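Undergrad: One structure coming up, written as structure tokens, with questions to follow.
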């Protein structure tokens, strides 16, 4: 069409006063074109005006327009014999000065005047049309009247208005121009409806325009029969939309049409969008509708000025194409009916079986009974419809509209008059009872007109009605009637499609006119215009796939082409103004002929599947550039005339690069390739002295390409062509060397100063292949790409206004509620907003004060009370805050979602809790479930999308995408999980939607019900009546009623219908007497016996549960039936214990306010509550066990003679094994050997084997905690006989989540310490797989001889005694506690030592500061070890242990080899420590010249031999008291720290097992949580500081009191298992694990005390194990706090936070989610038995460390000083170095020592000066310098006092490693201080 219409060369708009574009020389300008006051254009240009020829005699009438055009302009007045459809629209008159009322012009003897042509003066005419631009006449004023008879003559060689006079009303002509019948077959006419390439002359278009003009004037023209005037205008509109804007001037009537749209735009521009939308939906004026579209789109494009709602409205309006086709609906219905009939009859493969199924589904008998019992009353209709809905399972669907339908429909049917029925009957009978069909009745014409209006949207004109009449009149028979109906259907479809195409054309015109830089001036407007054009293009494209639109495809393709031009233009404009991703450029340099160009194309193929674009710099224009992903520039530096350096710099840049192009359509083309490959023959493309050398070499990678085969051939065969064998297809013939950064040659890189470029040698090149080079380029481009664009609507904002002192409380409460309900809102303190409004984000909630100027929905907080977690239900946060919020506001605040987000990557931490789970079998299942998420409009859009997919399956993807973009989601919060065959989809919606899609099966059960959600209904109690508006009370009442009705509506309607039905057959008896209006009394309740009542009361009292009687009976019934859920197992345990202690209860009378009562009082003490493993049930299948089965190295398979597996046996040491009796029945074989000496104890079997496993397990009789796979097990540990498939077995019943199978019998159950206490003997099978039968271990004396040569001091036959709660046993080897101290007062401070904050620890009974004896102090320190701390529950601890192990696997090697001999392991130990309870003195005292003495060697050999068998060693320690400085307050109460001296044999075995693991952990302290091994006086502190500065995270510094004594044994056991995970799991490792997990024994003064809990400070690897314990307990506390708050932890918690742990010192860096529950975390730690405190040991609450305050860790304060990041030692720790000296042992510490080691003392104080220098010059000079000068003088030291700057420089040298650290400063780096024990607190 564009080619055809481009033939039109006449430019329209003579009314604008412009000279026509082209006139023939022999045709002067007609006189009627001259205005009443001459408009002399030519005279202005220096030419004489040309007058018209005298032959022009006919009077030209004004251009008529359709009747719906009502122009509103007031500047130009048209008059004459206007058609009747021209209605006046304005009475405004433009007057520009006194002018004559009329003027005349003589033209060849013919007088032309206003009167001659029947033109009315402006002040009389009301028909105002299109305005003209103002022009200046001779007097400079606008003429008052315009005599314009025909404004179109200047546009054509032969004016269509003039030629229309020779056209008769019937379309015939006088022969000068073709008739209408001939016009319809010309290319001019056909080109308007097709894309033909035939030539169309201007005369043909003129003739067509003449007929269209006549059709507008005369209704009898044949064009009006075939087309309405609206259609005729539509033809021109289609042409206008398809032609480029620059060529639209060539179209007829274009300027008038444009002026009409402009006028309409001015009239409606300021109207609201709703009014403009009415114009789009109701107006039949296409000019008005096109103007409306332009207004809507213009406001959308300028959304920055008119608001984002204008853009959203326009985007939605563009998609609402009214394509509803009644004809297609009828056809789809008929086709569906036929398909169903065919499926039931013809295509059904099993008709015999299908018909019975169909009969069963129809339920004909019941249906017949329902129909027979139907009554024609309202009640009858209700009963019948409800029965039908109940019969076919549609009660819930029909329940909401059945009552309305019954009432209104029944009344409507009853009120229908019989007269109307008889009239309709007579018409039908008159038509169909005759011998032939009679459609001449006007009734059928009315029906046809109504159908036409319903289908096309327009009332048909006379021509269309004539077609209807002709079609219906010819229907004289059945066949003719069918044909007539088909003809009408086809005609209706065509008219409907024409209207759709016209509508699309109007939108396209509006968009193309907006593609103007004067309108879209900024980049935001360009972006909006492009998006709208893309939306409209997708809509047009979707219609091209409609088979019924095939005739209009050429027009639709032209519309798409016009929109593509708009999109491409916007893309170019954006590209010029938008930052782009810099491409990756590489230069291949090398000699000619080596294969660079071929390698470049091969590299391009590896980078992209597209063919590369080619650019040559030898030409100055780049029209041939195609913009593909890879661009190749061959020999880019070959021309000296080209500034190729600047070209490359501009090309490899983030700023857009506009290419120089010659073609107009390529103007503005930018460079868009991702990768640039250039070749060059020069080693240095740009000289290093060039000003652009730095920018050039920084942007490119240079690869030197060499071909050794080619070089050798050329040197050996000069002048000969290189053969092909020098090249290989895999490019192995090339050697690629990648240079470093900024290399201008192979040897040198650029000098940044630019002075001497040969001063910096280049690093050696990297040898690389083409594949590696391609991968490197891809990675580099991915790194460069880092920008994303999101779009969504406005996000709601809420504010809670409170007092300043209440902000933290309100914030914490809202944070807790957010975590409890999985809310989506963003929470802030104050007005500052930190979260980005990306798609999927939630509402913004601010906690603000009354002074803040808040814009949003604000709620005043009347009171603030922080609720506990169990009370966070319903509207608790509203009650706690005293705010009045509607449920709608609560839902919006909690779950609002911005926009639509589709996530392909599923993160379990982001998934919401399900409310509905739907299994998708058909598309109807999904559609039915989606209705919950949608509004009514959204449901209609869903139906429409499904309908389109059914009609056009090819458009499914486009339709679904459009539906997702345009659908309206409900304002309610709904979460649905769709389980489909191909995967799982989770959809969450509330205003917007978030969707997660995965190909895996993901079952997430359970969600927050409406009653338990954050809404829960408003509770008005306590809010005060004045704070609650009446509207809110009424709304809440109606909401409550609706909730109640939604719960009971189904049952209510069914029961009501049943009541109506029963009332039919029930005689009604009138009640009489007193019983009238009364009924029998109904007693409801449960009767209990006295014993049951007592049990119920006792259960409520002991368990503190609010149980009703009904709940109690149901719970008791479930427990009696053997249910294995949590409550039933607990009740069963409680009830059995109650039966055992029944006689410990006594009935006591109690007198109180309520009078005399009797209660059961328990006489015996209540046993402490054990670990409850049911409080936190979890899906243990989600994570694997660390090492499979527990103690797997000591487990061996039991097989039958034929090799069939039967069960397992466990080695308990020295060749003794345990298993089960039914496992050993028959000919059992273990390790190919028969068991010997079998001893049976119940079901347990103990036996011997000659084959001894290298590992053995410890055994005991405690209660099991874990099953064989490490999962928690629940059991009451009560034994009885159970009937099994193998006979009666004596054991206990337990519950575990592990699935067992045949052959698992004999696997071990263990307690907290990993001790085997029972064996697996059976399960509940498929009916109850969680039930397990456990056979307990029974000790059997197998006379196992102890192999240890040194008898343990605790293995004596002396009785056990109790001393102050400690269980002890005499050892017979008394060891006294060392008395006295080595700490003395310095001679410099004999008089003022009391000023020091620390003193030597208490010396015992003779010490006046504290008279407590050393034995008393020792016993007091052992008291906390008598009870084990509870620690976390086993289930949570197991999960966290697996998380920590998984986290550590990232930086700790998996397998560490065990040391093979004891001597090597011994040399791994610190030889300055004691040897333990068996041998005295230090380890180094037993080593001379590298040889161990006999006592030590014998002890190590005996221990090592036992450890090689995997047996546990005696876990014993020598106890002592630490000689150290202590704070005065602790000295006064006798507090000293214990020293646990571990047995040297145990230390050696543990070093062999775990030393290498601990070294790996210490070496990677910068990557992990454990900071053991860190140097706090080195660069490692900077790494800590960087980790502390993690954005949007809170920092907590925590210390703990009595850390060692509060360590739970099961946590220590888990830490040891983690260490074992990273070993080779040898017998030595098993022995070390079993030893360290056993209870420690401390020995002093000849007494051995066995402790129950805690972790000895001298335990091997104590720092590592303490740190692991720290991580495990913090992780368990965090997991428990989150899950108590409603956040299900399904991810590795250690991936979400950072920790610094060194024993009891900890720093926690946590995100906001965890920070919100940190108070609960610390509460959980206290429940575990720990005592967390602040680092200053105060009792204040532990709060986050502000960002501007330093963090304390390891008694250091980490700060940034002018010298860098430093860890400052406490000032008091430095100062007390000067007060005390370590020397000989004494009991009079106030007397200075007799001899001072001056070198060591001088080094100590020198180090103190270095540390003090980091605190600043003032502290150093005023406090430290006087102290050290005094010490030098009075202590006789020989050192020079360093000045401040010297001390700073020395410490910096040690810190940075430029100078070696002295021994003492290196020792202090572990956090203990400069001189070991002196600095310890």
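Note: Cβ is positioned from N, Cα and C throughout, glycine not excepted.
As annotated in Swiss-Prot:
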ACT_SITE  1222  active site, for 3CLpro activity
ACT_SITE  1243  active site, for 3CLpro activity
ACT_SITE  1305  active site, for 3CLpro activity
BINDING   590, 591, 592, 593, 594, 595, 596, 597  ATP binding site
DOMAIN    564-720  domain 'SF3 helicase'
DOMAIN    1188-1341  domain 'Peptidase C24'
DOMAIN    1593-1718  domain 'RdRp catalytic'
MOD_RES   1093  O-(5'-phospho-RNA)-tyrosine
REGION    1-93  region 'Disordered'
Undergrad: Looking at the recorded positions 1093, 1222, 1305, which has the shortest Cα distance to residue 597 (ATP binding site)?
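TA: Minimum Cα distance from residue 597 (ATP binding site) across 1093, 1222, 1305 lands on 1305.
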Undergrad: Starting from the Cβ of residue 1243 (active site, for 3CLpro activity), draw a 10 Å sphere and report how many other Cβ atoms land inside it.
TA: 26
Undergrad: Within 8 Å of the Cβ centroid of the ATP site residues 590, 591, 592, 593, 594, 595, 596, 597, which other residues of the same chain have their Cβ?
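TA: Near the ATP site, beyond 590, 591, 592, 593, 594, 595, 596, 597, sit 679, 681, 705, 707, 710.
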Undergrad: For the domain 'RdRp catalytic' (1593-1718), what does DSSP give as the number of helix, strand and coil residues?
TA: 58 helix, 27 strand, 41 coil
Undergrad: Counting across all protein chains shown, how many other Cβ atoms sit within 10 Å of the Cβ of residue 1222 (active site, for 3CLpro activity)?
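TA: There are 21 such Cβ atoms around residue 1222 (active site, for 3CLpro activity).
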Undergrad: Compared by Cα position, which of the recorded positions 1093, 1222, 1243, 1305 is the closest one to residue 596 (ATP binding site)?
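TA: Spatially nearest to residue 596 (ATP binding site) by Cα position is 1305.
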Undergrad: Compare the Cα of residue 594 (ATP binding site) against each of the recorded positions 1093, 1222, 1243, 1305 and report the nearest.
TA: 1305
Undergrad: Give me the non-local Cβ neighbours of residue 592 (ATP binding site): same chain, 6+ apart in sequence, Cβ-Cβ under 8 Å, ordered along the sequence.
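TA: In sequence order, 681 meet the Cβ cut-off.
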Undergrad: When the pLDDT values for the domain 'Peptidase C24' (1188-1341) are averaged, what is the result?
TA: 86
Undergrad: Which one of the binding-site residues (590, 591) has its C-beta surrounded by the most other C-beta atoms within 10 angstroms?
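TA: Of 590, 591, the one with the most crowded Cβ is 590.
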Undergrad: Work through the recorded positions one by one (590, 591, 595, 1243, 1305) and name whichever has its CA nearest to the CA of residue 1093 (O-(5'-phospho-RNA)-tyrosine).
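TA: The answer is 1243.
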Undergrad: With residue 1243 (active site, for 3CLpro activity) as the reference Cα, tell me which of the recorded positions 591, 593, 595, 1222, 1305 is the closest one.
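TA: Smallest Cα separation from residue 1243 (active site, for 3CLpro activity) among 591, 593, 595, 1222, 1305: 1222.
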Undergrad: Using a 10 Å radius around its CB, how many other CB atoms surround residue 1093 (O-(5'-phospho-RNA)-tyrosine)?
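TA: Looking across every protein chain shown, the total is 13.
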Undergrad: Pop the Cα-Cα gap between residue 1305 (active site, for 3CLpro activity) and residue 595 (ATP binding site) into the table, whole Å please.
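TA: It is 71 Å, counting Cα to Cα.
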Undergrad: When neighbour density is defined as the number of other C-beta atoms within 10 angstroms of a residue's C-beta, which of the binding-site residues 593, 595 has the lowest density?
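TA: Each of the binding-site residues 593, 595 was scored; lowest Cβ tally within 10 Å is 593.
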Undergrad: Tell me the Cβ neighbour count for residue 597 (ATP binding site), meaning other Cβ atoms within 10 Å of its Cβ, over all protein chains shown.
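TA: Taking every protein chain into account, the count is 16.
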Undergrad: Around residue 1305 (active site, for 3CLpro activity), which residues of its chain at least 6 apart sit with Cβ under 8 Å of its Cβ?
TA: 1206, 1207, 1208, 1220, 1222, 1223, 1319, 1320, 1321, 1322
Undergrad: Need the DSSP three-state call for residue 590 (ATP binding site) to compare against my parser.
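TA: Reduced to three states, the DSSP call for residue 590 (ATP binding site) is coil.
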Undergrad: Relative to the Cβ position of residue 594 (ATP binding site), how many further Cβ atoms are located within 10 Å?
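TA: Counting Cβ neighbours of residue 594 (ATP binding site) within 10 Å gives 25.
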